[in-house]
Amino acid sequence: MAFLWLVSCFALVGATFGCGVPAIQPVLTGLSRIVNGEDAIPGSWPWQVSLQDRTGFHFCGGSLISENWVVTAAHCGVKTTDVVVAGEFDQGSDEENVQVLKIAQVFKNPKFNSFTVRNDITLLKLATPAQFSETVSAVCLPTVDDDFPAGTLCATTGWGKTKYNALKTPDKLQQAALPIVSEAKCKESWGSKITDVMICAGASGVSSCMGDSGGPLVCQKDGVWTLAGIVSWGSGFCSTSTPAVYARVTALMPWVQEILEAN
């Protein structure tokens, strides 16, 4: 009976689709265009979305933060003619029950600077809400005060290139576990390009790469997956010994809250 209760208890947790708790648990090696990553378990990163143009070309990733909102990188240059695809795992398959969602409004952070890549965040308001399910749900947003110290093991996901010179991106969603890198250590690679609105991770034999942009860097906090970073920029060769750079979500939360409350 105890086992039955446990199962129904887990079913209940899944049914509410709270943020940061996948109904299908991810399995990460080392926790477990991601270089040296691995295929994810289908549906285990339910907030991951693919941003596609009208031809169906995947150009960036993003994360669902609610039924109505997606967060991505400003440098992705999303337009209202693009679509958000939720619930996808294998982009080469027609068998998946995906949701193709139109974008009503694009809110690019007005302080985004394409030269310094500071404030690399855009919010997308969906024209119709995503239907939350076992394979589609939201990631938790951090508070301004949340801290993700150096060494924290986090995860990044995406359909980006698995080698910098690969001709195409992988069909199946890739994942990698990687540590947060201190600002001082990151500056050893990138110098003054690193600012307080960025957070670094990797240099551990894995890397984000072209096509992963806009996607999530998530860390577990109090048992839920929380969005610590948005894939922003890094080595042109997707070097696995150089940290990749992510927009620091905690530093951008005041702007996020302002947009969500006003809309």
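Cβ coordinates are placed from backbone N, Cα and C, and glycine is handled just like the others.
Positions annotated as signal peptide by Swiss-Prot: 1-18.
Residues or ranges marked as disulfide bond by Swiss-Prot on the basis of sequence analysis: C19-C140 (among others). Within the same chain, residues at least 6 positions away in sequence whose Cβ sits under 8 Å from that of C19 (disulfide bond) are I65, S137, A138, V139, C140, L141, V224.
Among the features that Swiss-Prot reports, domain 'Peptidase S1' is placed at 34-261, with the record citing sequence analysis.
With a 10 A radius on its CB, C60 (disulfide bond) counts 27 other CB atoms from all the protein chains. Under DSSP, C60 (disulfide bond) is assigned to a strand (E or B) in the three-state scheme. Per Swiss-Prot, disulfide bond is recorded for C60-C76 (among others).
Mapped onto three states, the DSSP output places H75 (active site, charge relay system) in helix. Look at Swiss-Prot and you will find H75 (among others) tagged as active site, charge relay system, backed by similarity to another entry.
The phosphoserine annotation in Swiss-Prot covers S93. The secondary structure of S93 (phosphoserine), as reduced to three states from DSSP, is coil rather than helix or strand. All protein chains considered, the CB of S93 (phosphoserine) has 12 other CB atoms within 10 Å.
Residues or ranges marked as active site, charge relay system by Swiss-Prot: D120 (among others). According to DSSP, D120 (active site, charge relay system) sits in a coil region rather than a helix or strand. All protein chains considered, the CB of D120 (active site, charge relay system) has 30 other CB atoms within 10 Å.
In sequence order, F148, A177, L178, P179, I180, A201, L217, V218, C219, Q220, A228, G229 constitute the residues six or more apart from C154 (disulfide bond) in its chain with CB-CB distances below 8 Å. C154 (disulfide bond) carries a strand DSSP state (E or B). The disulfide bond annotation in Swiss-Prot covers C154-C219 (among others).
The Cβ of C186 (disulfide bond) has 24 other Cβ atoms within 10 Å, all protein chains considered. According to Swiss-Prot, the feature disulfide bond maps to C186-C200 (among others), an assignment based on sequence analysis.
Sequence annotations record features per position, and here Swiss-Prot assigns disulfide bond to C209-C238 (among others). Under the DSSP three-state reduction, C209 (disulfide bond) is assigned to coil, being neither helix nor strand.
Around S213 (active site, charge relay system), a 10 Å sphere centred on its CB holds 25 further CB atoms from the protein chains shown. Feature annotation from Swiss-Prot assigns active site, charge relay system to S213 (among others); the stated evidence is similarity to another entry.
Set side by side, the disulfide-bonded residues C209, C238 differ in how many other CB atoms lie within 10 angstroms of their CB, and the most is found at C209. Among the recorded positions D120, C200, C209, S213, the ones whose Cα sits within 10 Å of the Cα of H75 (active site, charge relay system) are D120, S213. Between the disulfide-bonded residues C76, C140, C200, C219, C200 has the most other Cβ atoms inside 10 Å of its own Cβ, all protein chains included. Among the recorded positions S93, C186, C209, S213, C238, the ones whose Cα sits within 10 Å of the Cα of C60 (disulfide bond) are S213, in sequence order. For S93 (phosphoserine), none of the recorded positions have C-alpha atoms inside a 10 Å radius of its own C-alpha, out of C76, C186, C209, S213.
Over the domain 'Peptidase S1' (34-261) the predicted model carries a mean pLDDT of 95.
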